[in-house]
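**Q** Below: one structure in structure tokens.
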């Protein structure tokens, strides 16, 4: 709890700061607080991921300092700081470290890395995007993120790497929402944390790490819950994950962003393919025993909570209609 307090404090300090120095201090506080989270599980893979993450984040911080110096003398050099923030949050084309770091972490650390650790870079990047003369660099990142996040997950068999490429794909949606406005990307971020958190908790509760762990010996609540959570994460209507994409698509149509919208929708369709592959494993593959299973999860109230999170999108449009 001590480190988690400073983790949130560093992210809030970076987002709410009025100078690049205090923002840099917040990012460093956030980094130093997250390293103990990663090192809770002491093994070779966690140590490797912790070292990779520390080196990448240190490189990103150094580039941010360089970008601040460049902005003082050449205001047009804001793209240097923007590229450093893309590196820090693992967005394309600076995504190369993100899947390998995710593959060595526990599910709890993966959730923090996919949610809280992206908050400060996203907030700082929104300030830069709002003051940049053109957004060509962000457009390139959006198109590459939609492509890498969808195609990169096709040949993966480890669930943590699949979730990493899913996060890269969602980052491209958040970046295009950032071009629309602060409210739009904030709304998308909140829904993203909600839906991805339900999927990660499902994997954590059943100790699933490989695609073969998705098999069940019969139709069960696990199959139904996996079905709804993964389709919601993929943004398939009418589940909850489609709601923020619906708002973003409407705003992009109003702003005539047809070119990036084509790549985003194409990437979403491809990513739905490997979500469906996981669902088919959960529905069709038979296993005589589940040594990794924890069936007591399904008798708890948490199951109904995450089922509600996934299907609330079915009723939300009706709610807006009555309002």
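Just so you know, glycine gets a Cβ as well, placed from its N, Cα and C.
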**Q** What range among 136-155, 156-175 does TrEMBL record as transmembrane segment?
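**A** Here TrEMBL associates transmembrane segment with the stretch 136-155.
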**Q** Which range out of 54-75, 96-116, 136-155, 257-276 gives the transmembrane segment (187-204) the most CB pairs under 8 Å?
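**A** Of the candidates 54-75, 96-116, 136-155, 257-276, 96-116 scores highest.
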**Q** Using a Cβ cut-off under 8 Å, which residues of the same chain at least 6 positions beyond either end of the transmembrane segment (96-116) come close to it?
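**A** 7-8, 11, 34, 37-38, 40-41, 45-46, 48-49, 52-53, 56, 90, 152, 158, 160-161, 163-165, 167-168, 192-193, 196-197, 200-201, 203-204.
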**Q** Could you give me three numbers for the domain 'NADH:quinone oxidoreductase/Mrp antiporter transmembrane' (17-71), the DSSP helix, strand and coil residue counts?
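**A** Secondary-structure composition of the domain 'NADH:quinone oxidoreductase/Mrp antiporter transmembrane' (17-71): 47 helix, 0 strand, 8 coil.
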